[in-house]
Amino acid sequence: MKLCAVIIASLLVCVAVASSSDNQKEFAQEKEMTREETQSLGEHEKDDEVTGSEERSCIEEWKTCENDCECCGMSTLCAASWVDGHEIKLCRNEGGKLKKVLHFIQKSVSKIKSCKK
C-alpha cells in the first residue's frame, strides 16, 4: 500500500514539473520583442517584400523543413538527421506532454512488476 502511495505521489510531482516548465516557456515567448519593436525594422520590411509573393503553408510530417515554424501541428518539430554525411531536416511529431507522461507511467509500471518477481 505504501509503495502505491509513493508511486502516485511521484507521478503527480512529475506532472507538476512538466506543466511548470511549459508555463515558463510560454512566459519567455510572451516577453520576446515583436518585429515592430526591433531596431532592424527596415531589414524585416525588405524580407517581407521579397517573400510577400510566396504563399506560405505548413509542411506535413516527414517532409523537409528549415525551422519549427514551418511544420504543421503544435507538437511537430523540425529535427535534423544525418544521412550519408549530409544533414537532413524533417518535420517530426514529438507527441507533446501527454505522450511523455504516458511513457513515464508505462516505464514505472514495468519496473514495479519486475520488482515483485
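Using N, Cα and C of the backbone, Cβ positions are placed for all residues, glycine too.
Take the candidates C58, C65, C69; Swiss-Prot pairs C78 in a disulfide bond with C65. Per Swiss-Prot, the disulphide partner of C58 among C72, C91 is C72. Among the disulfide-bonded residues C58, C65, C78, C115, the ones whose Cα sits within 10 Å of the Cα of C71 (disulfide bond) are C58, C65, C78. Neighbours of C115 (disulfide bond), defined as other CB atoms within 10 A of its CB across all chains, total 8. Listed in sequence order, the disulfide-bonded residues from C65, C72, C78, C115 having a Cα within 10 Å of the Cα of C91 (disulfide bond) are C65, C72, C78. Cα of C78 (disulfide bond) to Cα of C115 (disulfide bond): a span of 39 Å.
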